[in-house]
Structures are given as structure tokens and as C-alpha cells.
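Participant: To start, I am sharing the structure in question, which I have written as C-alpha cells.
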């Protein structure tokens, strides 16, 4: 068979960075951090060369490990690139940067090694075994050998992980493999001599693909066999091991005793099916049974049963309130019988644990079986203890014919026993109130803590120290106190108490002739049972109703304070859209902050104040964007990208895109840009605003400029619509008239005169606002002609002449003759006979390919003509839902984003 010739170095495949050829023309190789990480891996130095293999000059540390431990060549290439990317990115994030950026900083490698091997370190601490990471503790003694050792440790772990296939789902198995292979690596580095051969130490697994064949394959085959035994999940849970069971096998030291190293494939760990003594379930086993309903919610059932018993005892005494009935010592002592019930329920729970979890008990987990049996024995013992002490109370009371001091002492003795019985519950309550103590106890691997917690739960590696904080516990407790107080009050007064009188009547009823078979002669117990049955069922289930009621109130309160769902329709979107730009800038664009100011109380307080301003428009922060076109451009870029995505998914139409988008300047052709002095809000928000401004101008004919402008500016969108329409009209008229024509000069002069009178606040004194509707109508006609597919230049000229006549003859209050208009620059200088009419040869419409121009014209036409509120834009419900979701998220509390480079 002909072997394929080796691939040239410059053609070797890679994923992201061509580490094999640092001289290649690749953008990533321009970063010195990448070259530094790659150079660190090539520092093999005086390491002992692997035997039985030819060493080549270009080999690095990963090749050295592969030759010793038998890793695959493709795995080495992948993990080399993987490691270089990690180290280079970590060094790029150093602040301040290191003095020598061409060398891998030791602190970067140290932090990465601790992060990568954190799971292994926790595993060693949990099993109380010494880690095989042999490094000096002092930073000052961090020599070059330690530096190289750290690289070897992280490289070895990545090579193990990269070739482990499904073993990655059992991370403690990876730790077990790394622990043993790291020990062999240490023996190589320390120049150990093999006692059997007398030669330098060689790993127990070596050769081509040795790691895959001798380590991964046996464990993988075991996992696959267990998956086959599950019969696609239909087999009983006790008949096969899942990933958790296999992983938790390595949570005890038995893995060292049974599997050994090199791995003993004859160990019972590798036994599957019913072939012999195999390793059973380790952490959890599911027995499908109806009793899981009680076992999973035992605390809830115990609470409901105990209260039902106590409520019946108290309610039996008479019609008075329960707090009055409890003044009787007889009632108080009878209520102590709830502890009999509690102990009996504990005993029942222990029996269920034995029935459900017996599959976990084996020769290797004898302590688990001992704990199950002890719990049942102790629970039964409590029943006997309560029976003895309780009977002594009534014996003393009956002998004394009343509640004497001796009888009361017997009650105190019983309560002392109760305190001992409740000691575990009181301890759990104390740890609930002080969660940091419980987290500390659970996270420490001290034997004394293990002995204290052994009775309550098995020791676990993960899932420890995850208790909520004190504030969360208080809120959680207050919620359930309110739910249970309401439920128990309702149950006592509306369910249990009304049943006492009928029950007593049935008990006292005698000589009743039944028409059915009497189970209990001379008794009405069956009737009483049937009477209480629906009440008890409702009593046990209505806690879900109270929970739902309180959850809805709490959820509404949380949503109210977190501002969830405030924007539910397009009307609310119109009201809040003007704050979107500042909200995006605040939440999605990182701000330059000092490192020592981040996360401080002062910065958090400023953030809270800023969020209030954004949510309620305090200080109107959106106005800042008018003078900062960079921020306006960023806002438009994000919003338009959302609208573009909607269009690509075909949930909005092209017309809706124009109504929803924010116009942006064309950076490729700045000459085609129109200078608009305000933010160009989506047309959806500006609809009907210009027409309302025209009606205000007609109503306030004699009002001064300041008052008219004040009325218009009361609505932000109306103010922006007026200014944008004016600026757009000016740019539009200048764009359709030839650059060197006399008509262009007339248009410029006309607009300059308007701006001059506006600046002097004498606009209404010099211009007739009643003529604005006429100008509006002529302008709409002109825009309609320009937007037609088949453009008629003569009609456009006629429309411009009509617009000019209205502007000069009707709009100006002070009538001017032709000479005055010529003098002011508002009329052509020569009007002799034979001359062409105004605008006749001056109109030059942009070509149809100028999409930017016609898009802006359509926008101007929409602003001038829209009369409805456009509440149904967009029409697609999914588009509305997404816009509402995005809008609401902007005003929620969000973490400040770092820079993309970070």
C-alpha cells in the first residue's frame, strides 16, 4: 500500500491560526501575544527525549507528550492551537500590559493553569489525596523549570480532554486519568529509574494511539454497553448506569483500589448487564411508584397532616375561638399527640427510603444501608419514647384528679423530649437563617463536618454551598408565611370548624336503622367518614390555589418594580421610543470607567438615577443626540439592523420597513446627504404630527412666534416633524433644480429670508400662516409627481410654478411688486418677452437609480400626508411581539457590557 507523502509545512491544515508556520501571512500572527504563546511551547530545552521515537527539531512540548503517552497527531495539532488561543487571549486582556509582550507572562500561564485544573484540584481536595501538580508555592521561586512544568500540565490535560470523546461527560473520570498520567509525567521530569528494568522511567501506556486504545476505549465501551442496556430509556432505572452513576464512581477512593493504574479491565467497573458482580447505582435511583408523591413532598404532607390533627383537637372543645380553647390544659396536652403523628410519619418516610433506594446499597456502600436502617429504628424509637412520656402525663393527672404541679412537671419532661426530637429541625432552621454558615460547612472537606452531615445526606462533590443569601431567604419565608397563614386560617374557620358540630351529632345519634350493610355495628363511623372525605381532600389540595393567588400578586409586584411588559402596544412604544437612543447607549455601549470606580456604591447610585431618567424621561436625555451625530448614527445602526432582520424573515413589508427605519446618511456619497437638524424618528412616530402643527398655526394666527413654537414643541415628535419637513423640503427643492440656475438662487434666498425672520422671532409678523395649507397642498402635488414611475417634466415645472406663486403672492404678508422681488432676489432678473418661464429649463430630476434620494422623498411625502395614527404597523403579530420584547429589555436592569476586545 503506497503511503501518502507528507504535506508541506505551508499547506498543513489548521482551524483558526496556522501555528505550524509563524512566518505565514495571517492576520492573527501579527499579534505578538500569539507568537509569544507559540514560542513558549517550543521551549523543550534539556528534557529527556522520548525513547523508541525519532526526535525532530521542530517538535514542541505537545509533541514531546504525544511521543511519551501515545496521543494522536491530529489531537496534538488541535490542542496546540487551542492552547495558543487561550494563552494569547489571556495575555491580551492583561491590564496594564506586560513589559515584554514578545514573551508569555508567567502570571497568565499561572491563572490559566489554575482555571483549567480547578476541577482536578477540587476533586483531590474532596478525596483528601495529594495533587500531582508539583510546583513551588512561592512566586519568587517560580523558576524556568516550573514555568515549563505548568505548560506541560495544561498541555497534558488538554490532550487528555481532546481525545476523550464521551468521557468528557464524566469530568471526574478525566481527573482520575490526569491524576495518574501527571504522576508518570513527574517521574519522567524527576528522572526516576524503573525498579523492574533499571532504566529511565517510561509511562505504563506508550506507543502509537496508546491513550485511545488502552484508556479511552475500555471506558467508552462500558458507557456504550450501559446505554444499550437502557433500551432507549425504557428499561428500569436500576438496570443500567447513566453518566452520573459512572462519574460518581470516581467520587470515592475505591476507584484507585478497583480500577488501579494502568487500568485493570477486569475490574467490576467494566462489568455490564447481568454478567456478574458489577458496580451498581451510585448517587440516585428512581423507583417508579405512586408513593413518590409523598416521598418527594414529605415536608408539605407532614405539615398538612399535623395541622389537620391539631385543628380538629382545638375545634372539638367548643364554639369559642382557637386561642381561647388553647387556654385549657387538657387541650394543650391533647395537642401534644401531633408529635406521635410526626414520629410515625418519619418512620413511614424511612421505610419508603429503604424501599426506593435499596438498589444503592452494595458491599462498597454499606454505610448507606446502615444509615437507612438506623433512621427507621430511631423513628420507631421516638414513637415508643413519646408513648411512655405521654402516658405518664395522664397517669399523674388522673391520680391527682387535676393538673397538679407533679402533672405539670410531667408535661415539662415531655416537652424536653420534644426539644430533642426537634433538634435536627431547629439546626436546619438555624442554618437556613444563617446560610453562609451552611455554605461554609458544605464547601469544606473536613471530616468533622462530614460526620455531622452524614445523617442527613450523602457526601457529594458538586452542588454544595449553593444556598441563597439571607435577604432571599427572608423574602422566601415571608411569602410562604403569608400563603400558609391564609390557607390555615381559611381551612380552620371555613372547613374544619363547621364540621365539628355535625360530627358530634352523628356520634351521639343512636338507634339508627341503616338500609345498607353495617360495617361497624351501633356506630355511624362510615357516615362520618363520608362526611369528612371531600373536606379533607379539598383541605389537602387548596394550598395550590392559595399559592397561585399569592404568586400572581408577587409576580405582578416584581414585574412592576422591574418594569417588565411596560410597552405592550404601539401607543406606548410611541411614548417611550424617544428614550431608546439613550437606553441603548447606556445599556449596550460600554462607557470608559476607571477600574477602581467600577462596582462601587457611587457608580451604582449614578446608574440607578440614570435608569430612572431613562424610564420616565426626567431631564429629557434624548436631546443630547441632536448635537452628537456619532451617537445618533450608532442608535440608528442598531435599530435598522433589527428592522432589516424582520424584513429578511419576511414578517414585515418594504413599506413597513420605510415606516419603521431610522434614516442614515450615506457615507459612500456624502454629497447626497441631507443635513437634518433633529433626530429623524421613524415615520411611524411622526404620522399626523405635521398636519396637527399646521392646524395649530392656523388657529394661532396673531400669536407671537415664541408662543406658537412653544405649543408645537410641547410634543417632541411634532417639533421634530416640523424641523425635518422644513430641512427636507429645502434639500429637495435644491436637489431637483440645476446647480448654476437662477431659480436655485431664488430658492436659497427664500429659505434664508425665512430663517432670518425665525431667528428674529418675527415669522408670524411677516408671513401669513393661513396660506400654509395651500403651500402644503401644492407641495404634496409636487412630491406625488416626482415619485411617479413615469415622470413628466412639464408637470413638475407647472407644480413648481404653482408652488412659487402661492409662496410669493399668498404667503408673504407684505405684498411686493416685481421690482422689489428682483431686488430681494426672489424673482428672475430678466423677464423680457421671448424669455422662458420660471423653472422651465431649470428642473433636473435625479436618475431612478438614486435610491437614497427617492427614499427620502417618500419619507417626506409620508410625513406631509399621513393622517392616521398607524396603530396597526407592523401588521404581523410576531414583529410586534419582538419589538415589544426588545423595547422592554432596554429599560430593565442590565449588566454593563465590557469592550469587545475585553
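Yeah, the Cβs are placed from backbone N, Cα and C, and that goes for glycine too.
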Participant: If you look at how TrEMBL annotates this chain, which of 477-494, 495-512, 567-584, 585-602 comes out as transmembrane segment?
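Facilitator: Based on what TrEMBL states, transmembrane segment spans 477-494.
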Participant: Looking at 522-541, 622-641, 642-661, which one is transmembrane segment according to TrEMBL?
Facilitator: 522-541
Participant: Mark yes when the transmembrane segment (331-352) and the transmembrane segment (414-436) have three or more Cβ pairs under 8 Å (sequence separation 6 or more) and no when they do not.
Facilitator: yes
Participant: Does the chain bring the transmembrane segment (300-319) near the transmembrane segment (477-494), so that three or more CB pairs sit under 8 Å (pairs 6 or more apart in sequence)?
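Facilitator: In this chain the transmembrane segment (300-319) contacts the transmembrane segment (477-494) - 3 or more Cβ pairs sit under 8 Å.
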Participant: Given the model, what does the mean pLDDT over the domain '1,3-beta-glucan synthase component FKS1-like' (148-264) come out as?
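Facilitator: Mean pLDDT across the domain '1,3-beta-glucan synthase component FKS1-like' (148-264) comes out at 84.
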Participant: Determine whether the transmembrane segment (373-394) and the transmembrane segment (331-352) share at least three Cβ pairs under 8 Å, counting only pairs 6 or more apart in sequence.
Facilitator: yes
Participant: Cβ under 8 Å to the transmembrane segment (477-494), counting only same-chain residues 6 or more beyond its ends: which ones?
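Facilitator: Same-chain residues near the transmembrane segment (477-494) but 6 or more away: 303, 307, 311, 315, 322, 539, 542-543, 546-547, 550, 554.
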Participant: How do the residues of the domain '1,3-beta-glucan synthase component FKS1-like' (148-264) split into helix, strand and coil according to DSSP?
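Facilitator: For that range the per-state counts are 76 helix, 2 strand, 39 coil.
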